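Chemist: Supplied in structure tokens, the structure appears directly below.
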Ligand SMILES: C[C@](O)(CO)[C@H](O)COP(=O)(O)OP(=O)(O)OC[C@H]1O[C@@H](n2ccc(N)nc2=O)[C@H](O)[C@@H]1O
Ligand SMILES: Nc1ncnc2c1ncn2[C@@H]1O[C@H](COP(=O)(O)OP(=O)(O)OP(=O)(O)O)[C@@H](O)[C@H]1O
């Protein structure tokens, strides 16, 4: 028996960041949108917990118990007094360390796959609690679609999306560490009054209407200056995407992937080609949103 779960990447169409909290995290108004780039996690019974990973960037993914998918399986097994005797295979397509929540996707995928494999029928709320313990982005990887994340991003309110949005993602050469980007945000804002993070009503309306032009005008990421400070060549990538005809571009989450909102599929193909030709990124991917959250896509019995 094995179970395969497909989980989407995310882009933050708004990431409003407040000041550092006593626990080191930052309060956010984090508008998540799931995009149709997916990792797949397959869970198969095994003698002991084992992780394998294939696909672009797989060599940068840890295969020990620090892997977020392994931590998810251990957390679920622990709650039910089980041994996490499972082989988790990750088919990676989400850029690693790219600010698109690839590790979080694998954690949500492993949870759903192990829950089905072990026949646990864990409630949605309990799964969301485990997700929040694993990381701030993990609950959204479970639910997908679009949502406003508050607190450290783990408290979700689903959002309406009234149409399909087209994106191009420029994948950078190298990664950025999320804690390092938040530290750089703290350094850059030191001595200033950081306002309370609030979701933009214009942005929520644009999402609800499926209005790409209005969404393009409202995109914002408070971590962008920090990501640009640590990875200055991203300014060139942003300029190349905008010159190629994108409606708007921004750093995805903590970066270094940059996301470009475009008019339609044809424009996406053109902008992706121009970005690659500009030499300002390693590769470019096109995708649409919204996308569903963690979903069982295969079950093999026997
Ligand atoms: C940048 C985003 O991807 C936007 O969605 C997230 O805020 C990061 O989410 P994540 O990778 O799941 O982050 P976590 O694993 O929860 O935390 C990693 C580290 O990022 C920083 N962190 C994360 C979330 C948050 N609201 N404030 C923070 O300061 C902290 O230094 C934390 O130790
Ligand atoms: N299953 C996993 N897939 C990818 N990276 C993982 C995984 N488990 C642990 N990691 C570690 O986490 C680091 C961040 O990887 P990830 O791809 O999740 O970054 P990210 O997309 O920038 O995350 P986020 O957008 O949630 O901040 C990697 O460098 C890797 O060492």
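One is the number of the first residue shown, and numbering goes on along the chain from there.
Cβ atoms are placed via backbone N, Cα and C, with glycine included.
Just so you know, TrEMBL annotations are computer predictions that nobody has curated.
What you are looking at is a predicted structure, and each value in this text was computed from that prediction instead of being measured.
So TrEMBL has the following annotated:
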ACT_SITE  10  active site
ACT_SITE  137  active site
BINDING   95, 96, 97, 98, 99, 100, 101, 102, 103, 104, 105  ATP binding site
DOMAIN    67-145  domain 'GHMP kinase N-terminal'
DOMAIN    204-276  domain 'GHMP kinase C-terminal'
Chemist: Can you name the binding-site residues among 95, 97, 103 whose CA is within 10 A of the CA of residue 10 (active site)?
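Modeler: Within 10 Å Cα-Cα: none.
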Chemist: Would you mind giving the whole-number mean pLDDT across the domain 'GHMP kinase C-terminal' (204-276)?
Modeler: 98
Chemist: Which of the recorded positions 10, 95, 103, 137 have a Cβ less than 6 Å from any atom of ligand 1?
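Modeler: Result: 137.
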Chemist: Whole-number Å only: compute the distance from the Cα of residue 137 (active site) to the Cα of residue 99 (ATP binding site).
Modeler: 10
Chemist: Running a distance check here. Ligand 2 versus the recorded positions 10, 95, 105: which have CB less than 6 Å from one of its atoms?
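Modeler: Within range of ligand 2: none.
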Chemist: Just how many other Cβ atoms lie inside 10 Å of the Cβ on residue 103 (ATP binding site)?
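Modeler: There are 25 of them.
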Chemist: So which other residues, same chain and not among 95, 96, 97, 98, 99, 100, 101, 102, 103, 104, 105, have a Cβ within 8 Å of the centroid of the Cβ atoms at the ATP site?
Modeler: 9, 94
Chemist: Once the DSSP letters are reduced so that anything not helix or strand counts as coil, what is residue 137 (active site)?
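Modeler: Note: residue 137 (active site) is coil by DSSP, not helix or strand.
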Chemist: Under DSSP, the domain 'GHMP kinase C-terminal' (204-276) has how many residues in helix, strand and coil?
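Modeler: Tallied per class, the domain 'GHMP kinase C-terminal' (204-276) gives 42 helix, 11 strand, 20 coil.
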Chemist: Which residues does residue 97 (ATP binding site) neighbour through Cβ under 8 Å, counting only same-chain ones at least six apart?
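Modeler: Counting only residues 6 or more apart in sequence, the Cβ neighbours of residue 97 (ATP binding site) under 8 Å are 57, 60, 175, 176, 177.
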